[in-house]
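Participant: Feature annotation from TrEMBL assigns active site, proton acceptor to 157. Per TrEMBL, the feature ATP binding site maps to 25, 88, 89, 118, 119, 120, 121. The Mg(2+) binding site annotation in TrEMBL covers 119. Summarising the annotation, TrEMBL assigns substrate binding site to 155, 156, 157, 192, 199, 200, 201, 255, 283, 289, 290, 291, 292. Positions annotated as beta-D-fructose 2,6-bisphosphate binding site by TrEMBL: 461, 518-522, 556, 563-565, 619, 645, 651-654, 725. According to TrEMBL, the domain 'Phosphofructokinase' annotation covers 18-314, 392-676. Sequence annotations record features per position, and here TrEMBL assigns region 'N-terminal catalytic PFK domain 1' to 1-381.
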């Protein structure tokens, strides 16, 4: 499927027509997918049509199938639901209905269909394609001999096998966490137990992530019913939590939760049990359709946009022999999978659950679901071992504070206690290690930390080299056997410095792990850092509000400065999520000619019905082209056509409560780091003491493509631009052309690295 780069992507769609529809339940982020499909379709020279009201519109035809323009998808990104409408359609289930739909498409010369929906909608699309070549479809056009279909999965349940995340799931988690945070404050005031029912009739993903992200006492999911006698176990757990001083209990229930005999477990059953057996003041909340509503998160907008681009490419490259495919996400890569293979595995999960093969059901859901379940199980069992390990692990935060640090500390502390270790808090980074501001942490010490922003341990930017003597003395004094450093670029450099001083100071020969946590997302060895997702959402929501302020008659361009040091991650991703016209970053050098092109582009744009412009500038993208300079240039050149406003977002990007992604990511990173240290300590135990001097005993724990991996700090030096504090290779730079195409720049999209068709059956079989 590799194509030579010589194919002109702006001519790929000439003479072709693409229709896009949204079907089944709505999901936040569908509009981003529709917008990208329309704009990339037009960019390739194709005609693009909206199908309103899902398959019903396809069957009814007429005014329901309308040609889309570039401007008709403007201001759609930040809207929840689907602007082109969705409907459950009985007519399309019959062969006659599908024949009508085919006839309506053939009349308009449409042979490419992009369907955004759940597994039911996508299965229907495949059936439609298989019947396409039947004679009675063919009365009008010989050239319509086959239909190409590409699916994108839009479903808040994340219940489709083959993709890590479906469009809408992240936004649904945002809604749920807002409610959970609000409920926990009221519940703590009154010492209450709260039972929360979230959506997920056949899939426990939302319930599981919610439980991880809020540190729930118990979660009920359809894939893994509780063991016999769960009622007593639940009551014991709740009583224990109260006995150690917790004022609040949270129980999360997926709407499809069942017991081992297939009987539903409902909020009412749990409420009656807890009230009668324990006498707790108990409240139940069923979230319902709140989870589907509201504005899409930054992640869902970017996911929808990337999928839309990939879907158009897949349609235009398809041949009559290409199977209908679904565009999905694997780690941070867009991949194409055969539609029916994904549907088959999804059905296998339901079958495994029905037949009581629950372990298998969890495995079939995929690696990421399984990892989440295992992390939850580890943290849920609160009985500490009787035998202590006599190991002391110290935890510290280094660099600037960011949302999600506390979640990582909490899980690291609790996993450590469950391993029998003593966990030590180092306050104020390396300064605290040098000055001895170190104290033990208990299970209860970190209670309620997952939802708190900033750094409860306190954090400083100081590096260890200038106080290495004091640090080594305190490591010996407090008998520290291993170190967890959670933080930004200073944490990375500080870890390297400790490693370099091992030759001189024997006390520093202890295993250490660096967990990346910074809004800038600039740590070598990891595609993502804790805190970056929260910052990205803050910037995106602020951009939405700023753009809205110009809605109506004003012609206005906003210039917004984002954080990130020299790293352009926040500016680029926020540009994709907020629909920016340009994002200036250090990694992609720009000069006066580029600025001129951008101004001319905006002058053209103001002649259309879209009268707003949004320009993002990373704070250190250029020493001379400052935010003020760009503001003055745009103001001068736009005189009489548009006026300008500038905003420097500043430290609001670092604050706030962590997003579900950052809570969950921090929780998994903290747990994985301590389990790794436990193994390393066994390896490094010599003659009654710990001695670690190999490169692989000082690592960064990072997320690379699909997996969390440990990489020696010393190996990562090669990939580091130390002067500018960024990695030399950054995966997200490949998304820059998408940003420009969606803003209507005539650039060439590099299509040589197109996603190839993979197989989900074989891949899942190895799980």
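Quick reminder: no glycine exception, Cβ is built from N, Cα and C everywhere.
Walk me through where these features lie, including what they touch and how far apart they are.
Facilitator: In sequence order, 118, 166, 169, 199, 200, 201, 202, 203, 205, 206 are the residues near residue 157 (active site, proton acceptor), counting only same-chain partners six or more apart with C-beta under 8 A.
The number of other Cβ atoms within 10 Å of the Cβ belonging to residue 89 (ATP binding site), over all protein chains shown, comes to 21.
The C-beta environment of residue 119 (ATP binding site), restricted to residues of the same chain at least 6 apart in sequence and closer than 8 Å, consists of 153, 155, 159, 160, 342, 343, 346.
For residue 290 (substrate binding site), other Cβ atoms within 10 Å of its Cβ number 16.
Neighbour count (other Cβ atoms within 10 Å of the Cβ, all protein chains): 30 for residue 520 (beta-D-fructose 2,6-bisphosphate binding site).
Looking just at the domain 'Phosphofructokinase' (18-314), the mean pLDDT is 91.
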Participant: Rank aside, I only need the closest one: which of the binding-site residues 121, 565, 651 has its C-alpha nearest to that of residue 292 (substrate binding site)?
Facilitator: 121
Participant: List the residues of the same chain that sit at least 6 positions away from residue 121 (ATP binding site) in sequence and have their Cβ under 8 Å from its Cβ, in sequence order, or write 'none'.
Facilitator: 23, 24, 54, 55, 115, 151
Participant: Far apart in sequence but close in space: which same-chain residues, 6 or more away, have a Cβ under 8 Å from residue 565 (beta-D-fructose 2,6-bisphosphate binding site)?
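Facilitator: Counting only residues 6 or more apart in sequence, the Cβ neighbours of residue 565 (beta-D-fructose 2,6-bisphosphate binding site) under 8 Å are 489, 520, 522, 619, 620, 724, 725, 726.
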Participant: Output the one of 283, 651 that, of all these binding-site residues, has the highest number of other Cβ atoms within 10 Å of its Cβ.
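Facilitator: Comparing the binding-site residues 283, 651, the most crowded Cβ belongs to 283.
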Participant: List, in sequence order, the residues of the same chain other than 25, 88, 89, 118, 119, 120, 121 whose Cβ lies within 8 Å of the centroid of the Cβ atoms of the recorded ATP site.
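Facilitator: Those within range, site residues removed, are 23, 24, 117, 124.
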Participant: Quick check for the class: what is the C-alpha distance, in angstrom and rounded, between residue 651 (beta-D-fructose 2,6-bisphosphate binding site) and residue 88 (ATP binding site)?
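Facilitator: Distance between the two Cα atoms comes out at 45 Å.
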Participant: With Cβ-Cβ distance below 8 Å and at least 6 positions apart along the chain, what are the contacts of residue 556 (beta-D-fructose 2,6-bisphosphate binding site)? List them in sequence order.
Facilitator: 550, 611, 612, 613, 642, 643, 644, 645
Participant: Would you give the longest CA-CA distance, in whole angstrom, between residues of 25, 88, 89, 118, 119, 120, 121, the set recorded as binding ATP?
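Facilitator: Answer in Å: the longest Cα-Cα distance is 14.
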